[in-house]
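Data first, discussion second: the structure below is written as structure tokens.
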Amino acid sequence: MRRLSLWWLLSRVCLLLPPPCALVLAGVPSSSSHPQPCQILKRIGHAVRVGAVHLQPWTTAPRAASRAPDDSRAGAQRDEPEPGTRRSPAPSPGARWLGSTLHGRGPPGSRKPGEGARAEALWPRDALLFAVDNLNRVEGLLPYNLSLEVVMAIEAGLGDLPLLPFSSPSSPWSSDPFSFLQSVCHTVVVQGVSALLAFPQSQGEMMELDLVSLVLHIPVISIVRHEFPRESQNPLHLQLSLENSLSSDADVTVSILTMNNWYNFSLLLCQEDWNITDFLLLTQNNSKFHLGSIINITANLPSTQDLLSFLQIQLESIKNSTPTVVMFGCDMESIRRIFEITTQFGVMPPELRWVLGDSQNVEELRTEGLPLGLIAHGKTTQSVFEHYVQDAMELVARAVATATMIQPELALIPSTMNCMEVETTNLTSGQYLSRFLANTTFRGLSGSIRVKGSTIVSSENNFFIWNLQHDPMGKPMWTRLGSWQGGKIVMDYGIWPEQAQRHKTHFQHPSKLHLRVVTLIEHPFVFTREVDDEGLCPAGQLCLDPMTNDSSTLDSLFSSLHSSNDTVPIKFKKCCYGYCIDLLEKIAEDMNFDFDLYIVGDGKYGAWKNGHWTGLVGDLLRGTAHMAVTSFSINTARSQVIDFTSPFFSTSLGILVRTRDTAAPIGAFMWPLHWTMWLGIFVALHITAVFLTLYEWKSPFGLTPKGRNRSKVFSFSSALNICYALLFGRTVAIKPPKCWTGRFLMNLWAIFCMFCLSTYTANLAAVMVGEKIYEELSGIHDPKLHHPSQGFRFGTVRESSAEDYVRQSFPEMHEYMRRYNVPATPDGVEYLKNDPEKLDAFIMDKALLDYEVSIDADCKLLTVGKPFAIEGYGIGLPPNSPLTANISELISQYKSHGFMDMLHDKWYRVVPCGKRSFAVTETLQMGIKHFSGLFVLLCIGFGLSILTTIGEHIVYRLLLPRIKNKSKLQYWLHTSQRLHRAINTSFIEEKQQHFKTKRVEKRSNVGPRQLTVWNTSNLSHDNRRKYIFSDEEGQNQLGIRIHQDIPLPPRRRELPALRTTNGKADSLNVSRNSVMQELSELEKQIQVIRQELQLAVSRKTELEEYQRTSRTCES
């Protein structure tokens, strides 16, 4: 109300200040554009207005000890406000309606006799405001984004209303009809209302409303406590009664009697003046019914002794002729008292059947002291005052919406806005709208709303029918048998009293139920196997798989199964076992009931499809099954139509993928070490080789020309050879370094290579076997699922809770995955394991997926990602089933006593594939595909070797001649001894030829006594060269030392002095070493000359032989 006042004040200010308000309103976001008719919408202000009159609060009168048929029912009480004060409503912000309990008709005597009840006030104004607020939140109720407004009349003593600031509260209502008409015109009709809602409380006010509707041609809906009799049938004036129609109770009671073929009945009245006219008329119109006695115990109720004596006589007289007794006008206290007295003193004939004819409140129903087989009917929830007000307002809104689609101008623009100019010739908007009011039906808050005849708005409630029976524990319990909808009874699964004889095979004992249980195959909760040759199950429960959900077919199959002549085809028989079957057997044992088990015909859990529920849910709703036991997920949609027990198994949704054993690719042998490690190893190798070379050439003891006058040289290529040999473990001849630093560094490199090689070898086997790759999904929010690309395929089971979750949470994802959904979980697993696979990922309950992973012999399945959509498995039951509470209690006991843990260990104790110990042969048995990379590497090596050979020839023929011509590039000994020889080959050959031609001359010039010694004073490399053996005339190559003949110095020349460790010269040692070295060189020369002499002698012999042979031939 305060919010409406603020908006009215803002509108008035905007009228005074047009320019600023225009700027303010320009910033308000505009609503969506209206297609048509824009001019009409602008004229009516984008609102449909409904007037309201007779808004005085209703005060319910206290009930008398003896009720008339139109008395109101006692419900939840409210304190009546003090005179002159207003009740302050406190609605919940998210509530759809405000609950003010209506006093409807109920069993009399719910209070003590003579005790009054406090009066209660009902406030029509508040109910109207909340009805408008709730209906404006309903999308699509009115077309063109129209809103609903209420225009309330101003009544004396109620104060001014913000919706009508221009009206004066001082205008009192007159008692005569003409003054009332004038007041309605001046305060309500001028606002352009489409209809009027009224709350009359007397016959005179009803006549005033008749006058208003006839004169102004405006539809009026009167909300009354009970129907007022009317002589005229005015189609513009409708009345909606808050009282439950007596005819509804009569119809339900007659339907119950007809359903059970109880045509012979008697009546028992607790109140003499109770109205049973409608019931008697219905039974008299049907020739099958026969009314016996009418037992009126009104006068005998106060005295127990009188009541006992009277009932004993009456009940004995009717037990044979009319065994059915219908009770009217009795509250629960009186009913209990009657049955307690008759049972205590043994005057209750056991063959009597009892029916309560009055509607009962389910919350007031008790079982103590009541006989088994008692039938009652009533509503689970009681309608309240605000429900009827909102339904009346919605009736107007729906009629306007329908009329607008045909003639918008006539439906939206009221014809009567000035009472002085009433349209009488043409069709008015009120007359046009009344046609649609009479043909509008919908399901409202108070019941099914429709117009009966031409003046009555009927709110038909759906009644439930209960029967007092034994529960599985042997205790009395109210069991729902069915419901009364649309004038007929819709049966539930409960057993009607007269139908017990038709279910002899199902009920062998009155206290032991025989239920029909439906299941669905889902491992490990339900397995199936074939029956034996005799059609029996050595282990597990016998179940039928008839491939249908037709109740009559199942009845005939089970009847045949339990008969002596079993004609059920063997193909329909299966043996069911598993987690849920064990649980079902335990529940049946503890609750003492038998059951027949069958597999759901369509193989679905259940979903709303083509206007009905399928699968397990559909079988429960149609009464085909009394219980559904399998991995039945509890979700919101299913819980709204069926009952679930408390969860016996908690799970969530998961994602299943397939792992693929990939053969090691070409570069797999390098996978044990990261590429950064490989790079580091080869960089360290070459750095080590560089430092080895530097240390060796800088050391005085190194294997270099300057070191110890060695015949071999340690170059950079030698260092690389050592480093690679140590890294890869080659056993080849190498030239190790001679200096201490080089050897230390070489050993350090060997340690480094040992650790690298051991790490590589340790990881090589696992890598070469092949890596298991799979689709990496983080969960349901993974981009691969929300934005699938490159043919990524994923799905779930059709009509399962997983599909329902995806459809509600991610509609776009559901639309994509529909093409990949599968009929059942085994199909999805098979699609993953196929080669090639038909699915890349499968979404389903994680409990089912974990089991599939654990039994996968090939270890190809894996669950990935975070679990999502936590849910539980429960046992499904029909709505309002009496078994729900008992089974839930048993499940709680099973959990606390460890039975559920035992079931889990029994059916889930399978070694997970990831924890299996593989055989050694399975791991190390590798084929050529695992080493394909090494073979490729070897082939690449062959190719590179060919390229290297070609490169050598190119270097030898093109590059070396150019290097030889450059004097600065002649020395390559530090890099490669072989390269150095190749570059200096021409120089050595010239020296060798020069030595061969002149050595005889040199030796002939030496005197006989002259000692020829070599000049050893110069220790440089130029005077120490190797002899290169030539390949002349096919002889073997021998290396000799070539040096330049230098004239010997005087024998007394002082040798250069060398410093020893003590600082003195040691010339004796130097000369001694030089002589020994020269002697060894001379011995080598003698050996060479000797070989040449041998060759010369051999040649001479050959020539002489040749000469002798030639002479012989000439002669």
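Residue numbers in this text run from 1 along the chain shown.
Each Cβ is built from the backbone N, Cα and C atoms, and glycine gets one as well.
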ALA625 vs VAL1088, same side of the membrane according to Swiss-Prot: no
From ASP590, ASP845, ASP850, the one annotated by Swiss-Prot with SER633, ARG638, SER801, ALA802 for D-serine: ASP845
Segment assigned the feature region 'GIT1-binding' in Swiss-Prot (from 348-381, 450-483, 1062-1095): 1062-1095
Selected from CYS575, CYS576, CYS580: Swiss-Prot disulphide partner of CYS543: CYS576
Of the residue ranges 211-247, 285-321, 951-987, the one that Swiss-Prot records as region 'PPP2CB binding site': 951-987
Record-annotated N-linked glycosylation site (source Swiss-Prot) among candidates ASN549, ASN1018: ASN549
Annotation match for N-linked glycosylation site in Swiss-Prot, from ASN565, ASN709: ASN565
Residue distribution over DSSP helix, strand and coil in the topological domain 'Cytoplasmic' (728-741): 3 helix, 0 strand, 11 coil
